[in-house]
Structures are given as structure tokens and as C-alpha cells.
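> My questions all concern the structure below.
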Amino acid sequence: MVKLMLALDLDKERALKVAEEVKDYVDAIKVGYPLVLSSSLEIVKEIKDICEKEVILDFKVADIPATNEKIAKLSLRYGDGIIVHGFVGEDSVKAVRDVAKPLNKKTILVTEMSHPGALRFIQPIANELAIMAKKLELDGIVAPSTRPERLRELKHLSNLPVLTPGVGAQGGRLEEIIKILDENDYIIIGRAIYNSEDPKKMAKYYKEKIRALSK
Ligand code: O7M
């Protein structure tokens with residue numbers, strides 16, 4: 001079954017509350033700047049203590065190889081994997097992968113992003129990014145639920161597990177994208193769960209919908 005990854009873009013207090021509420025329904029948690037900058041990387045341990053799920057660090061690392069290496073070393077003391085940008089070049093991505101792999105942690109590459117602005121700069125190179133992710137034997141790519149046909153193509157080109165954001169608040173439709181995905185893939189949902197009146201109920205709703213549509 002396709003996995004559900006919660007994007008926990010909240011401050012510490014709310015994040016821990018939501019993690020506790022939804023823990024029975026999500027398979028993984030994505031932690032990014034909003035949460036880490038409002039707390040610290042130690043938050044990853046606290047989340048793990050609450051829900052014992054895979055935690056991926058969404059730092060969209062995009063620097064020269066030497067700096068990427070330092071960022072990866074410091075970040076990957078926590079969590080199960082890290083998200084990187086590829087437009088900075090193969091050497092920069094390799095620097096992260098070479099830190100992550102020996103630690104048995106994932107390196108996941110952003111290909112095309114889900115927002116409208118992605119059409120201008122990143123969409124034109126997204127296919128090449130997916131091919132580079134395959135060549136570097138990374139652990140996954142990020143591709144948009146807001147453009148199902150692009151999601152399909154990027155998944156096909158990379159032949160890697162996909163993490164796909166855009167369902168819910170960004171207008172992506174679960175019914176459309178689920179057909180493209182398999183049990184190695186993750187649907188990332190944030191606001192549609194944590195901003196709802198009852199995050200637990202909403203996480204359960206998405207989990208059950210994924211289960212029903214996966215058949
Ligand atoms: O469901 P949302 O829209 O509230 O949250 C989506 C999450 O996915 C949020 O954490 C975004 O930062 C992230 N995301 C995108 O929305 N679009 C992208 O193209 C890429 C990401 C992402 O996770 O990149 C790693």
C-alpha cells in the first residue's frame with residue numbers, strides 16, 4: 001500500500017501534539033525548516049519517542065559539495081534521511097549521498113516542485129534531475145501531485161521510490177495520483193491534516209482512502 005507521510009510544518013508545541021494524535025495513521029513524518037527553526041534538531045528524537053516512525057529531514061540542501069557534506073554530517077545525526085536539491089549539480093548531491101549511505105540513511109532528490117513557480121526554472125530540467133537520481137542510485141525523488149502526468153514521467157525516468165506533495169491544500173487529487181504510485185511511494189500531506197479541526201480524524205480519513213484506492 002502507498003505510504004502516508006505527514007509534513008509537520010508547525011512549531012514545536014503543535015507538532016508534538018499532532019504527532020501524538022495521528023501516529024496510528026501515518027507511516028512517516030517529514031520535518032523541515034518551520035519546525036527545526038522554531039525548536040532544534042532534537043525535535044526529531046522527541047517525535048521518534050512519540051511515534052517510532054521514519055523521519056525524513058526536508059532541508060532541500062543546495063550548496064557546494066564541501067558545505068553540503070558538512071550539512072549532511074550535522075543533520076544526519078538525526079532522522080532517517082535527508083532531502084537535497086539537484087540543480088546545484090551532481091558533485092553536490094554526491095557529497096550528501098556519500099555521507100548518508102554509510103550511515104544507512106536515505107538521500108532523496110527534489111525533481112519538479114509542486115507550486116506554480118516551478119514551471120519556469122525547475123520543470124525544464126526536472127527530467128534530467130530524475131535521471132541523475134537514478135544514476136547516483138539515490139533512495140528516492142520528490143515529484144508533484146499537482147501534475148499527475150509529470151509525476152508519472154518522473155517516477156518512470158528515475159525508477160526510484162517517489163515522495164509526492166500537493167494533495168489537499170495545493171489542489172492535488174488523491175484519486176488521480178494513486179494509480180501512478182506503488183507500495184514504495186509516499187504521499188506527503190501537511191495542511192489538510194494538521195490545519196483541520198481534528199487532525200486525527202483527517203489522518204485516518206486519508207489513510208483509509210489510500211487503502212481503499214490502492215486495491
Ligand atoms: O500539504 P501541504 O501543502 O501543506 O505540504 C506539502 C509539504 O511538501 C510542505 O512541507 C512543502 O514544503 C513540501 N513540498 C511541496 O509542497 N512541494 C514540493 O515541490 C516539494 C516539497 C517537499 O517536500 O520537498 C522536499
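Yeah, the Cβs are placed from backbone N, Cα and C, and that goes for glycine too.
Note: TrEMBL annotation is automatic and uncurated.
Straight out of TrEMBL:
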ACT_SITE  ASP58  active site, for OMPdecase activity
ACT_SITE  LYS60  active site, proton donor
ACT_SITE  LYS60  active site, for OMPdecase activity
ACT_SITE  ASP63  active site, for OMPdecase activity
BINDING   ASP9, LYS30, 58-67, SER114, 165-175, 190-191  substrate binding site
DOMAIN    3-206  domain 'Orotidine 5'-phosphate decarboxylase'
> What are the sequence-distant neighbours of ASP63 (active site, for OMPdecase activity), meaning same chain, six or more residues apart, C-beta distance under 8 angstroms?
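Counting only residues 6 or more apart in sequence, the Cβ neighbours of ASP63 (active site, for OMPdecase activity) under 8 Å are ILE71, VAL88, SER92.
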> Within 10 Å of the Cβ of GLY172 (substrate binding site), how many other Cβ atoms can be counted across all chains shown?
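A count of 23.
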> Would you count the other CB atoms within 10 A of the CB of ASP9 (substrate binding site), including those on all shown protein chains?
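For ASP9 (substrate binding site), the 10 Å Cβ neighbour count is 19.
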> Under 8 Å Cβ to Cβ from ASP58 (active site, for OMPdecase activity), same chain, six or more residues apart: give me those in sequence order, or none if nothing qualifies.
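Listed in sequence order: ALA7, LYS30, VAL31, GLY32, TYR33, ILE83.
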> How big is the gap, in Å, between the Cα of LYS60 (active site, proton donor) and that of ASP9 (substrate binding site), rounded to a whole number?
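Counting only the Cα atoms, the answer is 14 Å.
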> Below 8 Å Cβ to Cβ and six or more residues apart, same chain only. Which residues does that give for GLY168 (substrate binding site)?
ILE189, GLY190, ARG191, ALA192, ILE193
> Taking the Cβ of SER114 (substrate binding site) as reference, which residues of that chain separated by at least 6 in sequence fall under 8 Å from it?
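PRO144, SER145, THR146, ARG147, PRO165, GLY166, GLN170, GLY172 - these are the non-local Cβ neighbours of SER114 (substrate binding site), listed in sequence order.
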